[in-house]
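Participant: Have a look at this one.
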Amino acid sequence: MSTQIQNEQGVGLLTGSSAPNKSSEGPKKDSPQKARGQWANKAEYLLAVVGHIVGLGNIWRFPYLCYKNGGGVFLVPYLLFLVLSGIPLFLLETSMGQYTSLGGVMAWRNFCPLFGGVGYATQLLVLHGNVYYITVLVWALFYLVNSFQWPLPWSHCNNTWNTENCFVSEGRNLTANGTALPENGMSSVMEFWEREVLQLSSRMEDLSPVSWRLALCLLGIWILCYFSVWKGVKSTGKVVYFTATFPYVTLLVLLIRGVTLPGAGDGIIYYLKPNYVRLADPQVWMDAGTQIFFSSGVCMGCLIALGSYNRFNNDCLKDCFTLCILNSATSIVAGFAVFAILGFMAQEQGIDISEVAQSGPGLAFIVFPRAIAMMPFPQFWGVCFFLMIILLGLDSQFVGIESLMTSLTDLYPTFVRKGYRRELLLLLMSIVSFLLGLILTTPGGLYVFQIYDHYSYSGPGLLLLSILETLAVGWIYGSDRYCDVLQSMTGYRPWPIFKVCWSYVTPAFCVGIFVFSLVWWPPVTLAKGVVAPGWAIALGWLLCLSNISPLPLWTTYALLTTPGSLRQRICQLRNGAFTPSPENEFQATELQPPAPKTDAKVTSDLDVSGLETPSEGLA
């Protein structure tokens, strides 16, 4: 059977196979088609994944979601989702890429052709991220450039953009005499953020003019991204040695500084003390679930792409636990640093911690600059911090770009792997994303950014993708068979809890939160208390639907183009006849995972119908 499968499917699979290892023959010297590439060693893979999952979601998004959802109570659903959804999905995606040696699109098409649209949906999600996520790096670069000024421009009120209501504090309670704070006062840090960086309008409709300084920062970030990934995994693997390690040093320094400030204890108590009443709020659970998916990088195709460059016998199960725990630990530690500084800011202003700053995407650009301004040699620490933000974001950004390029290369290998076509295609994608991103550099750009964050790059779209991924593994392909896949690579079977999560727990959690989010959907409140207008909400749902639109379209196309009755078509498309890459030296002798020993329902007829010609109409 395995020989027959190899003969019948060899042509289609070879188009998406992984690059040969050093010990394999690889492409002939006279072949115009370039090799796909592979990690030079295990460290490059681990650092690349760390760079992808440990990013702005930890330093920027996690603290502001904690702040928004009542502090410590957010940790309860967050940790629950981590164990029951985040880790199982993380293992599913990394192992699928490692086994198939394919990117997000081709891996799903070969693994479960009926759900092949999942791969396309994940790549659309990454495309939206190219426009939305990179904006945070633009803000960070703007702060980095201004960190070279003496004194720091956000540390005083003598700038042209400051108003008469601006105030500066030096670590003392400004409300001690009842008159120190001006009416409607705004700190110098807040005014720099809103009036100088964003030039924020009070109306979402103000989408012009483009800020030329932010546009230059956007161009600079895209140039960095392009040259980080233009040579594929070879260049990406080298860049992550620095970009994935330096941020931890800076974060540790800011944490030490934060906990030594007066009032830091109150902030940490607010961070850790849960208000269990908030657990009845579906929005808290939805934010916790989407944050796990956002921060872990699941349902975006990136983990599949990164895993596809691994050797076949890599212990992906051990890597999964190590990387997921490191990711969440980084988020929690960053939360300590943020809330320690929030406690200090609340004490000096004489207000409650929940009122000290707006819980929005700019929280990290308000809290950390305030702490930096009070440190010795603030210019030095400002440069280090904002360089850290840029490096954290760059990791995630160019991994997403690499995921897109991997999928395109696997779909059209004979076209992309010749000459400089890959570099030119990457350049075209970067230019288009840059032009679309200019809208986020306008006075109303922050509001558009929040719409992207709420609907497109997180929220219902991610939840729906997670539901479909677990259904494909737990019910269509079969969790027992997938455990056989893992055993063929690692030499041992995963714990039974993974089968339970793939089949029941993870989809049940995600379905519950998804239904709650649809039934109870409060008005979307943006920065400065602006309630999103109807057209903005319609735009958000349009972005969300565009992410998931490939799912029904692909399933319909697959069923229409596959021969046979409806039952025969479903049987053929439920289980793809994917095999390990023929170029992989660890392929061994079995091209298919062994049939599940306990599954008596899988008959030889079903095996033949499901594996012999799974997608003739899809080839």
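Just so it is clear, glycine is given a Cβ too, placed from its N, Cα and C backbone atoms.
Curation does not apply to TrEMBL; its annotations are automatic.
The region 'Disordered' feature in TrEMBL is assigned to 1-34, 581-619. Taken from TrEMBL, the feature compositional bias 'Polar residues' covers 1-24, 581-590. TrEMBL lists 43-60, 72-92, 124-145, 210-227, 239-272, 292-309, 321-346, 380-404, 424-449, 461-479, 500-522, 534-560 with the feature transmembrane segment. Summarising the annotation, TrEMBL assigns Na(+) binding site to GLY51, VAL54, ASN58, SER295, ASN327, LEU392, ASP395, SER396. The disulfide bond annotation in TrEMBL covers CYS157-CYS166.
For each feature listed, report its degree of burial, its nearest neighbours and the pertinent distances within the displayed model.
Facilitator: Packing against the transmembrane segment (210-227) from elsewhere in the chain are residues 134-135, 137-139, 141-142, 145, 197, 199, 235, 390, 394, 397-398, 401, 426-427, 430, 433-434, 437-438, 441-443, 445: each is 6 or more residues past its ends and has a CB under 8 Å from a CB in it.
Proximity of distant same-chain residues to the transmembrane segment (380-404), defined by a Cβ-Cβ separation under 8 Å and at least 6 residues beyond the stretch ends, is recorded for 48, 50-60, 103-104, 122-123, 126-127, 129-130, 133-134, 136-137, 140-141, 143-144, 147-148, 152, 221, 224-225, 228-229, 232-233, 236, 239-240, 242-244, 246-247, 250-251, 253-254, 297, 300-302, 304-306, 364, 368-369, 372, 426, 429-430.
Among residues of the same chain six or more beyond the transmembrane segment (424-449), those with a C-beta under 8 A of the stretch's C-beta atoms are 127, 130-132, 134-135, 138, 198-201, 203-211, 214-215, 218-219, 222, 225-226, 229-230, 360-362, 401, 404-405, 408, 416, 526-527, 530, 532, 536.
The list of residues near the transmembrane segment (500-522) in space but at least 6 beyond its ends in sequence, with Cβ under 8 angstroms from a Cβ of it, reads 81, 84-85, 88-89, 92, 282-283, 285-286, 289, 459-460, 463-464, 466-467, 470-471, 473-475, 479, 482.
Within the chain carrying the transmembrane segment (534-560), a Cβ under 8 angstroms from the stretch's Cβ atoms is held by residues 113-118, 120-121, 124-125, 128, 204, 447, 451-452, 454-456, 459-461, 464-465, 468, 524, 566, 569-570, 573, 615, 617-618, all 6 or more beyond its ends.
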Participant: Per the 3+ Cβ pairs under 8 Å rule, pairs at least 6 apart in sequence, do the transmembrane segment (321-346) and the transmembrane segment (124-145) touch?
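Facilitator: Since fewer than 3 Cβ pairs under 8 Å link them, the transmembrane segment (321-346) and the transmembrane segment (124-145) do not come into contact.
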Participant: Roughly how many angstrom lie between the C-alpha atoms of GLY51 (Na(+) binding site) and CYS157 (disulfide bond)?
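Facilitator: Answer for this pair: 37 Å between alpha carbons.
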Participant: Give me the sequence-ordered set of same-chain residues, not including GLY51, VAL54, ASN58, SER295, ASN327, LEU392, ASP395, SER396, with a C-beta within 8 angstroms of the centroid of the Na(+) site's C-beta atoms.
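Facilitator: Here the non-site neighbours turn out to be VAL50, HIS52, ILE53, GLY55, LEU56, GLY57, GLY297, THR330.
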Participant: Quiz question: given the recorded positions GLY51, ASN58, CYS166, ASN327, which has the greatest number of C-beta atoms lying within 10 angstroms of its own C-beta?
Facilitator: GLY51
Participant: List, in sequence order, the same-chain residues at least six positions removed whose CB sits under 8 Å from that of CYS157 (disulfide bond)?
Facilitator: CYS166, PHE167, VAL168, SER188, GLU191
Participant: Mind giving me a neighbour count for VAL54 (Na(+) binding site)? Other Cβ atoms within 10 Å of its Cβ, every protein chain shown.
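Facilitator: Step by step: centre on the Cβ of VAL54 (Na(+) binding site), count other Cβ atoms within 10 Å, giving 27.
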